[in-house]
Structure formats: structure tokens, C-alpha cells
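Residues or ranges marked as region 'Disordered' in TrEMBL: 1-27. Look at TrEMBL and you will find 36-62, 74-94, 106-124, 136-155, 175-197, 204-223, 326-343, 355-376, 435-454 tagged as transmembrane segment.
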């Protein structure tokens, strides 16, 4: 593979503050990973994700019980919030690359995050007016979105920079355990924190993520003098747009000849060319994440209308969402310790693209399972149950029948990481099964297109490697 491949390319690294004297076997200075720095980053992201999922776990239920909103509006708020959390990181990454650096951006975003959680806590306390509660609630979501976006876009790359000097396998291993820590925090949020929110009080349940986020902020600050950070090379977006503008999008080779005073080296052009080749692959992931978003929206609405009597008094309804995370907690160590090493020994290691494609298939199976369950659920509306002082007409089918769809979705995450259309205020009168089947079809079609794009990317990369090999053997060199 070329060094400029965006899946392998890494920036130069240097100490942000106090540097340590390190030597390799040839007595030349070299940077090695600091384990404490890596641990601080992993613990920080675990705390941040625990806080985030503590907000999301019962967000729809909070909108129902505290704000008196309909199911449709509650679902819209949930989707807008979760969608914004995925959008804002683009701005957080730009600010870090151009102005403040990753460490300062994460630290500053953490304080904004804490402000948002503080407002959320006060919105849940008893004795305040409805208008003030709404103002505090919606303001809190804005600050949480900004804070989460700033952290989400930089904490992973900062962690990767701590181990990239050990090579690509070390970076991949880091992200596997990084992802594991995220889901460990999510399991705690969907079980312990959700229990406090549903069975005790919402304000106590929102105080927990606030305290956890403060702890995470302190842990991240502890490692301030140990982090390895990339040298200041500016935003990659400037380079990408600059080269595309210089080439007039007609051929990247023109960018080296017509740079309008800007220096675009051959290496820079290669990086942008590689980025453009892989962009369609990750663009197709949008449909996947749209499907995954159902786990915290329509899946939850379905949970409310299934029989929860089999759940004990100490198990919150949101705990069903943890089966997604539990599947990840089990599968990541299994894949990392046993499956991937075994496949490597027999010379059959799956590529990143193959893993992503397999994840899409599991996502298809998940929403198909949800759609089939929804058909049977609506044929048996025979119960009236109360969840947090709100009555629901529900099916006698057990809530545990949702376990397969959550588990399949969690499995899809291991390999990969329009609601009003069929959702009236009462899901019993809607066509949620059509929504699930729509996502199944879209994700499957997305998978077919993904195969086509992945093959083109692979063939193009092999041709580039062959040209580089031939150039290296050119007698004229």
C-alpha cells in the first residue's frame, strides 16, 4: 500500500510540551507511546460516552413525562440531537486543525459539555415552570451537542497519534479497545443510570453524567504533559479544496502546475487523490448510521408497546439497548484476541472494507427482525401498562423479543462503527414495520453499491502500487 493511502497515512508527531529523551537501537531520537497518555484518553472517552448515552437512553421518555411531548415530536428531537452530534465534529476537527490544536479543543469542549449537562440537570428538578424547563432542556442539548462534537472529532485521532509510531496494527488495535471502552460506558448508562432515571428521579439520573463528565475532564487534564500531538500542518480541508480549485477538478496533475502562488507538492496531490478515491466508501456509511439511529428512537418506541412485566423492578426499560453494547463488549475481545490473529495466521485477514460490508449485512438483518416483530406486535394489542406515570396500549409479546435486533445491530457496529412517514403519535396506529423494512432495503442496496465502490477503490490502489513499483525499477532512475 502507498504511504499516502488515507487509511494508512499518519502525520509527523512531536511533544506538545515536556519532551522525554528516547532512543531506538541505533541511538537516534525516537518517540514511543506513553501508556499513561493512552489510558487517560481511553478513560476520558469512556466517561464522555457514558455521559452521552445517559442523556440519550431515556430522552424520548423524558420528553413524554417531563415535557408532555407526543411520540412523534419526542422522536424528532431524539433524531435531530443524535444527528447533530454526528455533524458538529466536522467543525470541531477544523477548529482543532487550524486554530487551537486537539488538546485545547478537547479541553474547551469538555467545559461546554459540562455546562450543557448542568443545564439538563436543572431542567429535570421539580418545582420549576414548564417554560423554564423547556428553555433549560433545549439549551442543554445545544451545549451538549457542541461539546460532544468537539471531543468526538479529536479524541480518537489524538489517541491514534500516541501509538502510530508502532505501525498500522497498533493503531487498529487501539481503536478496537477505544471502541470497547465506549460501549462499556454505554452499558452502564443503559442499565445503572437509566434505572435511576426511570425508577427514582430524572434529576438524580442526570446528575450522574454531570459528575462523570467532570471526572473525565479531570482525567484528561492529568495527561496534559504526556500527549503526543501532530505537528501544525493546518486543516486538510484547505489542502483538499485548494488542490481541487487549482486543478479545476479536471485532473489533479494540473494542481502542481497551476497553484496560484500556493505550493502543492506531488505528495499533497497524491494524498488528495487518495482521499477522493476513498470518499465514496465512507459516504455510503451515511445510510448505515441512519439505520443504526433507530436503536435509540423507533426501537425504543417499540419497546414501550411490548410487555415489560417480565422485567424485574431493578431493570429499566432502556436496558434493552445495552444488548447492542454487550454484543460489542463480547465480540471485540473475541475478534481482537482470537479471530483476527487466526485469520492472519492462515493468510486470510479481512480488509477494512470487507469488515464494513459484513457490518452492513448484520444491520440489514437487525431492521428486518424489528419489522417482523412489529407486524406480530400490532396483531396483539391487549395490555395497558404504565411507564413513568404514562399509560401505553401494548402487546402481550415480551420485550425480550427485541434482543435479536439489538444484538444484530451491535454485531454490525463491530464490523462497520423520515420517521414521520409511518409514525403517528400512537405507534400502534402507524406502520413502523414499513419504516424498518425501508431501512432494510436501503441498507441492502447501500451494501450492493458499497461492493462496487470498494472493488473500484481496491483495483485503483493496486494499479497505483504497480505504477509505483514500475517507476522504482525504471533503468533511467
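A Cβ is built for glycine as well, from the same backbone N, Cα and C atoms used for every other residue.
Non-local neighbours of the transmembrane segment (326-343) in the same chain are 173, 176-177, 179-180, 183-184, 187, 349-350, 406-407, 410-411, 413-414; each lies 6+ residues outside the stretch with a CB under 8 Å from one of its CB atoms. Sequence-distant residue pairs (6 or more apart) of the transmembrane segment (36-62) and the transmembrane segment (355-376) include fewer than 3 whose Cβ atoms are under 8 Å, leaving the two stretches without contact. The listed stretches are 74-94, 106-124, 136-155, 175-197, 355-376; of these, 106-124 has the most Cβ pairs under 8 Å to the transmembrane segment (204-223). Tallying C-beta pairs under 8 angstroms between the transmembrane segment (74-94) and each of 106-124, 136-155, 175-197 places 136-155 first.
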